[in-house]
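As recorded in TrEMBL, the features of this protein are as follows:
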- 8, 9, 10, 11, 12, 13, 72, 154, 155, 156, 157, 177, 182, 183: substrate binding site (BINDING)
- 42, 71: Mg(2+) binding site (BINDING)
- 71: active site, proton acceptor (ACT_SITE)
Ligand SMILES: O=c1[nH]c(=O)c2ncn([C@@H]3O[C@H](COP(=O)(O)OP(=O)(O)OP(=O)(O)O)[C@@H](O)[C@H]3O)c2[nH]1
Ligand SMILES: [Mg+2]
């Protein structure tokens, strides 16, 4: 079976990726799956693209093989695009999914439904030895609810209604999320690269 390293330690992202790469017959490994421990990579960028590049290129240099990184987040229009690039740490360095979504719900208190629009964004970076890094962006439009509903997924999934859906992203099965997500939409754009692996 073909193998690929994803430069992430996020278990929720990895679940998505395992499902997304399975149809290609590719087994994906996160940085937590490797026998050599990889130190946390500091995300010093101010854009998804910068952070995706930092993660993919650092791990590509370590192992000298092609690596994919995902930098992602949720942009909420009524919050001027926040949490955006800072989604993982919105409520503090602990990267606490529940605290993050509660902070968003708090900040959106009193904001009417039609103004609760936003989107998930995913930028994938492919770093390959001796080559320029490639970037592809995927988005998933939707609205933000007023309470957390659903057990699947991670992050802000329990408060995010994909456009046209009466269920939150966390009420969808992994297979359903993987048909419409920002991650799927970004991965579709590198399908040819994935197929030639
Ligand atoms: O509900 C969600 N469903 C998703 O599908 C999703 N994708 C991203 N996010 C949010 O954005 C942060 C990524 O930040 P991020 O790209 O810096 O990753 P991270 O720091 O968690 O892990 P790593 O990949 O850097 O190791 C995550 O923690 C989440 O808060 C999502 N939330
Ligand atoms: Mg991160």
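Heads up, the Cβ atoms here are built off N, Cα and C, so glycines get one too.
The Cβ of residue 71 (Mg(2+) binding site) has 43, 45, 48, 49, 51, 52, 55, 85, 122, 123, 125 as same-chain neighbours under 8 Å, each 6 or more residues away in sequence.
Of the recorded residues, residue 12 (substrate binding site) and residue 42 (Mg(2+) binding site) place their C-alpha atoms 19 Å from one another.
Around residue 72 (substrate binding site), taking its Cβ as the centre, 26 other Cβ atoms fall within 10 Å, counting all chains.
A gap of 25 Å separates the Cα atoms of residue 157 (substrate binding site) and residue 42 (Mg(2+) binding site). Sequence-distant contacts (6 or more apart, same chain, Cβ under 8 Å) of residue 8 (substrate binding site) comprise 14, 17, 30, 31, 55, 69, 70. Summary for the binding-site residues 42, 157: the Cβ-based neighbour count within 10 Å is maximal at 157. Across the fold, the C-alpha of residue 10 (substrate binding site) and the C-alpha of residue 42 (Mg(2+) binding site) stand 14 Å from each other.
When the Cα atoms are compared, residue 182 (substrate binding site) and residue 42 (Mg(2+) binding site) turn out to be 23 Å apart. Ranking the binding-site residues 12, 155 by how many other Cβ atoms lie within 10 angstroms of each Cβ puts 12 at the bottom. Site extent for substrate: among the recorded binding residues 8, 9, 10, 11, 12, 13, 72, 154, 155, 156, 157, 177, 182, 183, the largest C-alpha separation is 20 Å. All chains included, 24 other C-beta atoms sit within 10 angstroms of the C-beta of residue 182 (substrate binding site). On a Cα basis, residue 42 (Mg(2+) binding site) lies 20 Å away from residue 155 (substrate binding site).
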